[in-house]
Amino acid sequence: MSLAQEREALIAQEIQKKLQNIQIQREEETFQQNIKNQQDQETLEEGKQRLQQQRELIKQKRSKRDEMNSKILGGGSKEQKKPEQQEKDPLNVINIELIKYLQTERVANQKRAQELELKKQELRKRADIVEEIKSDALQQQG
């Protein structure tokens, strides 16, 4: 085998190693992003569950309070709450906070999706460049 052929073989091996490294890097980035997305989803689910538990607790306390009030008042009719009172109602406050939280999370998720799409495009460009280098090297060998 001549020196030129050995050199070309070494170059081809080096290109192959670089391609493998790029592929491994892509897989690692994808894996890390999947882990982050899963953690974000778990955090969101935990927040939803916590808010649901708070709602249930407030409902229970409200029903107990209403029972006590009806016993004290001798079973009188319940009064309708005024709009100002409804805004201060703990359940409504929690609902408003939950809506704000979910909207913020949605915006954050949209931003993450855009960032991932940009990374994906960048990786595709890199892969195209590597493929061009590989094909050029193979043409030079042949």
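Each position is counted from 1, following the chain as shown.
Positions of Cβ are set from backbone N, Cα and C atoms, glycine also.
No curator has checked TrEMBL annotations; they are predicted automatically.
Note that the structure is a prediction, hence the values are computed from the model and not measured.
Annotation comment: TrEMBL describes 57-69, 78-89 as compositional bias 'Basic and acidic residues'. What TrEMBL records for 57-89 is region 'Disordered'. For 106-140, the entry in TrEMBL reads coiled coil.
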Distal contacts, the coiled coil (106-140) - CB-CB under 8 A, six or more residues away: 8, 11-12, 15, 18-19, 22, 26, 29, 33, 37, 40
Mean predicted confidence [pLDDT] for the coiled coil (106-140): 92
